[in-house]
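Trainee: Here TrEMBL flags 33-43 as compositional bias 'Polar residues'. Residues or ranges marked as GTP binding site in TrEMBL: 78, 79, 80, 81, 82, 83, 194, 203, 204, 267. TrEMBL lists 99, 104, 125, 126, 127, 152, 153, 154, 155, 159, 227, 238 with the feature AMP binding site. Here TrEMBL flags 193-230 as region 'LID'. Marked as domain 'Adenylate kinase active site lid' by TrEMBL: 194-229.
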């Protein structure tokens, strides 16, 4: 039976809660300084050079006894992994890596691995573990020595073991894995209202993150798409597949002592827990 270290809103001590609230005030001050244009990968505000320099000076470094943070973020489709990654990045000096963004960029740049991935996608096949591992390996090599947060990989025990081998070979094992525990009913509503700009991966939600013009991407002016499988029936099947792959993955990381789960129905409930965790555990 899975026994991860759960952190729920009702169990956060007054000390931790106070630090988390301070983090939200800091996040508000950072966000208010930015302009309203949209970053190409996370739907986040894009700053002008002077603003970006000012923001970087406000970001906290994150390390565990001087060791850079090497963290995974896990959660069901629609759990808000991208949103949490973006908020962490706004407050801490962490490089956020999305496996989906890495794959799209390599296909667009026609790298060797990108061409192989494109061929798999064009044929209707899944991109192989070998290709995904190769792409992530190259990405992590580019940011060696820095703190990072990885979203979307690994998705199976095979990929998890490949990642561990990759990191242990250079003496840089994972030191944190965060799981987002969001009620399925909440995720389903998000999925139903989700629209995507396919080429960039930008995601919109009709309730809490709508495009400025209905059906149009804020950055390019191109049409947004509602995925055909973003419906209750398909969501149920995808969730079953997710649980089949991820339950063993959560148990795997629990056994190594690096797993923590945060529970909540909204990103605003989960983020203070996430911040408090980083604030307490890392310098």
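Every residue, even glycine, has its Cβ placed from backbone N, Cα and C.
Curation does not apply to TrEMBL; its annotations are automatic.
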Trainee: Round to the nearest Å and give the CA-to-CA distance linking residue 99 (AMP binding site) with residue 194 (GTP binding site).
Mentor: 20
Trainee: Which Cβ among the binding-site residues (194, 227) has the fewest C-beta neighbours inside 10 Å?
Mentor: 227
Trainee: What is the pLDDT of the domain 'Adenylate kinase active site lid' (194-229) when averaged and given as a whole number?
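Mentor: Mean pLDDT for the domain 'Adenylate kinase active site lid' (194-229): 89.
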Trainee: The record lists 78, 79, 80, 81, 82, 83, 194, 203, 204, 267 as binding GTP. What's the largest Cα to Cα distance among them, in Å, rounded to a whole number?
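Mentor: Among the residues the record ties to GTP, max Cα distance equals 16 Å.
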Trainee: Which one is it: of the binding-site residues 125, 127, 153, 155, 227, whose Cα lies the shortest distance from the Cα of residue 204 (GTP binding site)?
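Mentor: Comparing Cα positions, the candidate nearest residue 204 (GTP binding site) turns out to be 227.
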Trainee: Across the listed AMP-binding residues, 99, 104, 125, 126, 127, 152, 153, 154, 155, 159, 227, 238, what is the farthest Cα to Cα distance, given in whole Å?
Mentor: 26
Trainee: Between the Cα atoms of residue 155 (AMP binding site) and residue 82 (GTP binding site), find the distance and write it as a whole number of Å.
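Mentor: A Cα-Cα distance of 16 Å.
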Trainee: Could you say which of the binding-site residues 99, 125 has its Cβ with the most other Cβ atoms inside 10 Å?
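Mentor: Output for this query is 99.
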